[in-house]
């Protein structure tokens, strides 16, 4: 029973995050893990990304690396964490095959790597090569607990510095709080543009919910980087390691509830939504009664998408709560209905008491 429940939980996680096995599903599929030193050196010499800021368009992440990053991010709670990713490049795709955590000091809004973290980084990379893992560091990951996957001003500066000296380099952001609330991994992969690079004003990034106290930081820097498409894969080499990791953590999938574990996060979302509504109402009132008519008309047109975004945020909160309730109902039916049915059957099989006049 335990083995089947573990397998079902892991299969559900793989389906929700669209983790696909490498085809064909035999030892030949593990060729993706083969590191060709000559081809990687050739790419480093050619540097195709130097002439095209949007050269890299896709990220291919192994299921093992994804699970390690999510577990690490979740272990930090409301404190930001940081780690590095190892892999290689293949055309316009960055392939992430493994990840490791860094000993860093984090807060609820930023994470800082000190000298001991850099020493650990160098030592880990050297030891990996001695163990036969020739992949280089291809990026860094960190968490944004509860406020979405995007790059802050500090993140943009860090990524620009890394791209200047360690190309090819990738930035991945994971939101562990929204991951628990939504039921699938909330993740984003980004690369920054060179300093001074201009993009068109009609460039629109995918909409996501940003807390009111983070909107300014998001808006100032949102045109300094672009996002990459993320896909996941697993091979026969991953299967055993995934089993070992999953056997340790799968019980949490069934025993935890986003409604209980994320209560503070949901309360914060509702409070943030109320502040956004008050702000929109204030701006709408000013546009109606303040200034001359054309200016007021222009501001009113700008308010419409803001209200639409607030509606989206409200719908997102509602859907996540409904999903949480549905999962609780399903678990109740799965684990309690059989016990209740057995109890009812036992009660009906008891002999009826004799009635004497």
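For all residues, glycine too, the Cβ spot is worked out from N, Cα and C.
Because the structure is a prediction, the values reported are computed rather than measured.
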Additional site residue, 116, 155 [criterion: listed by Swiss-Prot with 142, 144 for Zn(2+)]: 155
Going by DSSP assignments with H, G and I as helix and E and B as strand, what are the residue counts for the domain 'MPN' (59-196)? 49 helix, 45 strand, 44 coil
Across all the protein chains here, work out how many other Cβ atoms are within 10 Å of the Cβ of residue 155 (Zn(2+) binding site). 23
